[in-house]
Amino acid sequence: MNASFLSILRQIPTLFRHTVSLAWHADPWALVVVAVAQLGQAAATAFGLLATNRVLVSLFAAGPTADRVREALPSLLWVAAASAFAATLRAVSFAATGRLGPKVERLAGLSMMEQVIRVEMEHIERSDFHAALDSGQHGQTAARRLIEHTLGIVEALMALIAVSGVLAVLHPVLLPLLVAVVVPKAWGTVRAARRTYESVQIWLEHVRQQGALRRLLISQRAAPELRVHGAGPFLLDQFDQMAAQAADEQTRLAHLEARTELATSALSGLTAGATYAVLGWLLTHGQLPLAAGATAALALTSGTAGLRRMVTHIHHLYEQSLFMNDLIRAREEARRRAIPATGAPVPEPPEVIAFDRVTFRYPERAAPALDDVSLTIRKGQVVALVGANGSGKTTLSKLLAGLYLPTSGTVSWDGTDLRALRRDDVFAHVALVLQNFKQWPFTARANVAISRPDAIHDTARLDAAAAYADAHSVLADLPHGWDTLCEKGYEGGVDLSGGQWQRVALARAYFRDADILICDEPTSSMDPAAEIDAFHKIRALASKDQTIVLVTHRLHSVKEADVIYVLDEGRLVEHGDFATLMSADGPQVFRRLFELQSHQYRTDTLDGVPAQRIRSRDAMPDQSPAAGTTG
Ligand SMILES: Nc1ncnc2c1ncn2[C@@H]1O[C@H](COP(=O)(O)OP(=O)(O)OP(=O)(O)O)[C@@H](O)[C@H]1O
Ligand SMILES: [Mg+2]
């Protein structure tokens, strides 16, 4: 946004239109009430000034004082009535503005979030987009303040028109004088607004990082390491340094503002002095009767106050509009990066999902996470993805779910490129247990039912999901069963163990009842019995025609998979069923990994005593107290 003084003045009508349209959408009635109340106030102001003039004319007339006061009395009553009327309307307008503001804020926030929740995963992970979203957050409160300041401007403008009308009747030269008093002030306030906004923009990343640190310092998840590893004082020191830098910036702004304020006040003072000198000249040269002069002085005081109010409101309007502009920009960016709502429908679960020479590169990463991968997944199959850390299993699962689109190559569902399909339909066929699945800070019920929120009150379905994932024992321990809050730090909140959370995640995926179930390390925290049971149940779903994609490092559990895909540094290096991959004349990667793992199990147990303990005792004889005394 161009920020020069004149350009701001030019932008005011647009800002005004934008704000009024926002308010109209939020609450048309409140807007009408405010408009009427403000018109009424302006009329009351003008009427009050004219009545004041009549009071003064009566008081300055010839004759005994008692008669003059008596003469002035009816006009005085009119002044009082006008003032009471204006006060009542001010209250009405205040109440309606109070009603309008929060609604506008809600509408502005909603309009942004509606777009944000549809943004492609790839973009939601980008730092530039996140910075734009953070700037946009300021726009929510800005929307509310925009309304308040726009209405403030209208109110001040109305009052000014009323005062100007009266001044013009008294003497035309008084009008430009009124404006001259306020111009320096206007210039100063706009300058300050621009400085504040520029500072906020430059310091945005700083503020974001400071916010992240603040959250970490009070986070429950970070608390153990913060204490045991001594990370607390370290982070606190960083936080304090950042706070000190921010404080310096605030001081710099305050000093600049004080300087501008001083300069503009001096100029305003000079113009005010000149104005009253002109008024004095008009009176002494008989250009203006004494009563009219007094009214003019009153009108000038009230007029300059109105103008100052208007300038202050314009300053804030401008400042807030810059933030509002950020919100609009973030919203537009989100809309531009959104998952398209259109595409070919996917009414049935796919018979075949095919990856054809798929390469995928994360933004800001040079090496591809998936490199020229071709594979097929058929309906009802159990497909296993195995490979070392970072080999691309999770990435592949996310492409399969339609969360990412390939950088090159295609993922197709029954021959149609994923790009051409309606993505909401694609998602509708998928249930996920992600490696970093979300532990929602909600009740146990919501944690399971969030995969299909419309069925949240279907307790039978919830129970079936819990039974499937063996989560009944977890629920039985919770103080309020399904309705226990699974987040510490809130009233009645509890935390679950790692394995218990995984059961909840599995129950969530089952509750969704989708055609394709993607499980990425679904049992990594489960005890051996639970793990065996979970794998058995996951595989059993395939017999109900569900397609299962299982990512795991537990190679024993993929024995029964229809096909195993082995990834290595993003490339698909082997595939086939277990027997094929294990045959001596076949490829070797899977076999070597499998044998390494099973060898570990075989040699790690000797007559039920973990071999590790035997070895470590044998390996360190010198460190025993006995060895110390003899050696
Ligand atoms: N969101 C992301 N942004 C950038 N790079 C990523 C992202 N997620 C993963 N990567 C990178 O992509 C590569 C593949 O990661 P991926 O998570 O798919 O591996 P994985 O096979 O699931 O590993 P693990 O067994 O450790 O879960 C890695 O080099 C990883 O660092
Ligand atoms: Mg992974």
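Here, residue 1 is simply the first one shown, and the rest follow in order.
The backbone N, Cα and C atoms fix where each Cβ goes, and this holds for glycine too.
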Annotated transmembrane segment segment (source TrEMBL; candidates 262-282, 367-387): 262-282
Two-stretch contact, the transmembrane segment (29-51) and the transmembrane segment (262-282), at least three Cβ pairs under 8 Å: no
Contact set, same chain, for the transmembrane segment (72-96): CB under 8 Å, 6 or more residues outside the stretch: 30-31, 33-34, 37-38, 40-41, 44-45, 47-48, 51-52, 54-55, 58-59, 151, 155
